[in-house]
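Participant: So TrEMBL lists these for the protein:
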- 81-281: domain 'Cytochrome b561' (DOMAIN)
- His121, His157, His190, His226: heme b binding site (BINDING)
- 122-140: transmembrane segment (TRANSMEM)
- 152-173: transmembrane segment (TRANSMEM)
- 193-210: transmembrane segment (TRANSMEM)
- 222-242: transmembrane segment (TRANSMEM)
- 257-281: transmembrane segment (TRANSMEM)
Amino acid sequence: MAGTQALVALPKGGGGGYEVQTFDIEGYSLSAPGKLKYPATDLAAEVAADGRVSVFGKLALQNGTAEVNQVWQVGPVSSGSMVPHAMSSDNKAAMGKLNLLTGAATSSGGGGSNLRKKNTHGILNAVSWGLLLPMGAIFARYLKTFKSADPAWFYLHVACQLIGYGVGVSGWATGIHLGNLSKGITYSLHRNIGITVFALGTLQIFALFLRPKKDHKYRIYWNAYHHSVGYTIIILGIVNIFKGMSILNVEQKWKTGYIITISILGGIAVILEAVTWSIVLKRRKEENKSYNGASNGHLPLSM
């Protein structure tokens, strides 16, 4: 494409990997390699296990450049020289924009497989860490206050957490795979939070097998651990979901939809918090009355 500053990975002679050549394209055909309009350094190419070739390098752009257009192609080589690539609809649509401030990339087409993987990664994690786990926590904290909901609240809680963890592991694994495909761009904070959430979630699963009985003296400490780690997972999970949305540069309607969903769950939690506290206080008041009445009816004889 005319005006493109191209980085091209070509196989070296003798099967010695790939080398990166630069082309300042002014027409609709490639001439000899030449310098780009921007200084390019640390150019390299790497072949992944699946045969994909990744190109790495540093470009010194003009100050204030926040977004650039990008195009990409893949084509055959004959006798060490490039030949025209295919002209299918995917090839013609292989273009997009790259935000240099956030690292987010948008695509008009081509690269659809990776985009689908990114979307799948986001959906899996939003549903698991961002919806199912908060719902499970709501069941555990509030439904157990109602005697008629026992033990249903426990099974609902466990079901939400186990399903959420299973879906979350799938989303986490997809993220690790995407990271391996994109070694040139690393979202360190997003990745580290994701690893932390996965590790804490796994710890919660194993902790279920070490849960003391209700009357055990260590049960209070287990409960404190279980609650604190659980709430930490939910908070970090939600934070990381918004980080992921920023990286994917999703449309505002999806962010708004998730915010509304989380707000509804939060509103339900606030209402149930007030209701359950009123029930608990009422029970305590009734228990105190019963205790005082029993004491007044059985006064010890004076001596």
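Glycine too: its Cβ is placed from the backbone N, Cα and C atoms.
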Participant: What number of additional C-beta atoms lies within 10 angstroms of the C-beta atom of His121 (heme b binding site)?
Facilitator: 22
Participant: How many other Cβ atoms are found within 10 Å of the Cβ atom of His190 (heme b binding site), counting all protein chains shown?
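Facilitator: Step by step: centre on the Cβ of His190 (heme b binding site), count other Cβ atoms within 10 Å, giving 20.
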Participant: May I ask which residues of the same chain, at least 6 positions away in sequence, place their Cβ under 8 angstroms from the Cβ of His157 (heme b binding site)?
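Facilitator: Result: Gly136, Ala137, Phe139, Ala140.
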Participant: Over the span of the domain 'Cytochrome b561' (81-281), how high is the average pLDDT in this prediction?
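Facilitator: Residues in the domain 'Cytochrome b561' (81-281) carry a mean pLDDT of 87 in this prediction.
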Participant: Taking the Cβ of His226 (heme b binding site) as the centre, how many other Cβ atoms fall within a 10 Å radius?
Facilitator: 15
Participant: How many Å separate the two farthest-apart Cα atoms among the heme b-binding residues His121, His157, His190, His226?
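Facilitator: 27 Å is the greatest Cα spacing among the residues binding heme b.
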